[in-house]
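Marked as transmembrane segment by TrEMBL: B:34-52, B:59-78, B:109-131, B:138-156, B:187-207, B:237-261, B:273-298, B:310-330.
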């Protein structure tokens, strides 16, 4: 059994007495494409925030036996945990290549930093290929289409050498074709990583999820394959609704 | 690549104008004035780095300018007074004994090192305290401004040890060179101009380096950079320290060129004045801050000569025009026109 998996044990996040995440325990294995779904306010994004150090949390979140909670954001990132945001947040004034190069460079020494980039690092080249932006490498990230920005974000996670990818609504606002491409991209990426996708789009989930965790009011309501979760009466009650069940 | 050649041409043009053209056509008086503006331009280059590229609105560069200037002024006073002498004003206002913390500045090597190190260390300490606590934006601007005010007040209170409101003045020599000799005054101009060119090379290298790209990333999306494994505080501290060191060097050159440093030259008003040229010239461009600083200072002097009370209105109008129509400064006119031609 590989130790490269993400394990959450009794993770709790409280804001001024309001319990946003109420003791979540879950395990995501390498190669898994885990979808995290739940109604608004279920604590999905807050859980991702807790793992990445943005909000303080209690309990335990380990990756490869290393505790992640209560470390600084940039330290967690260096441990191989990367994330994206609901709204694409690439560096708009920099080119695609510069965005990826920065993402690849947190381990660089001062001398490398103070020099100009002489050639494209191989991992950046590979990521450009994977996310399909090779031809747009010298384009400013700000002028990219919405979908391309999200792919660039995923590319940045790849060159960052993240082993855990936490994606917050990566396909929101995308066209059907872009969703399909994104899903295929995630499947390719997921072979060597642990991927957790926070998503509202049920069709997208059904097409690409290998496993699903349903959150409700800060707790894990149900967990399993897409079929198992859909068949769970508790899930049907709080989240999927009657119309969704037949799909 | 086209951009690189344009920058080399621009740099060559500035070097030619400062080192060949200006000394050839300007009178000694005007050249010395230009030398003072060049000092402002050196501060401006640093502000361009910290504010234009790093997003830190440094409203208190007067502090670092003042630190460099006072270190230099102390050395000049001590060397004028002779190996064990006491500077004139201390005999007048003070106990007639040189305070212990003045003594190291008798040594020229210590002085030159301190001109760079004192502002850098102060900026480093401040940066550690401020950026690690994620103070930024308007809060940082107000903090740095308050610091400039506090620094000036501190200086004013020290009549006996650093000249109080009068500041330090009446320097007779500069590292052994007589300051009343016109040839040496010209030499000072060349030193200032050469320093400005060197500072431009420093920021040029920084802007084209990976660090420069990262600094822009921190300016635009500080939180995002954190999630890529960098501590943005460190990135900002580097730019802030470099900007402070540049301001310190500028202050040190200002002292022999102008002949006086006083709290009035380092407080809130001069700190803001440093910024105006940068904003008008184009804060995130390579040459904009330096050219803007020189142009604004030059316009101020020549307009004040013909219309003594008119400058302040002109400065206000210029500021409004730039903010309203060219928020990135006058140096961006060229690229805006090109873009317009392409889209037409």
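Using the three backbone atoms N, Cα and C, a Cβ is placed for every residue, glycine included.
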* To do: Would you kindly check B:34-52, B:59-78, B:310-330 and say which stretch has the most C-beta pairs under 8 angstroms to the transmembrane segment (B:187-207)?
  => B:34-52
* **Closest-packing stretch to the transmembrane segment (B:59-78), where packing means Cβ pairs under 8 Å, from B:34-52, B:109-131, B:138-156, B:237-261** => B:237-261
* Intrachain residues whose Cβ lies under 8 Å of the transmembrane segment (B:273-298), provided they are six or more past its termini -> 7, 10-11, 14, 34, 36-38, 40-45, 47-48, 51-53, 57-59, 61-62, 65, 196, 200, 203-204, 207, 247, 315, 318-319, 322-323, 328-332
* Asked: Residues sitting near the transmembrane segment (B:138-156): Cβ under 8 Å, six or more positions beyond its termini, same chain?
  -> 56-63, 66, 70, 126, 130, 162, 164-165, 167, 262-264, 266-268, 271-272
* Do the transmembrane segment (B:109-131) and the transmembrane segment (B:34-52) come together with 3 or more C-beta pairs under 8 Å, pairs six or more apart in sequence? -> no
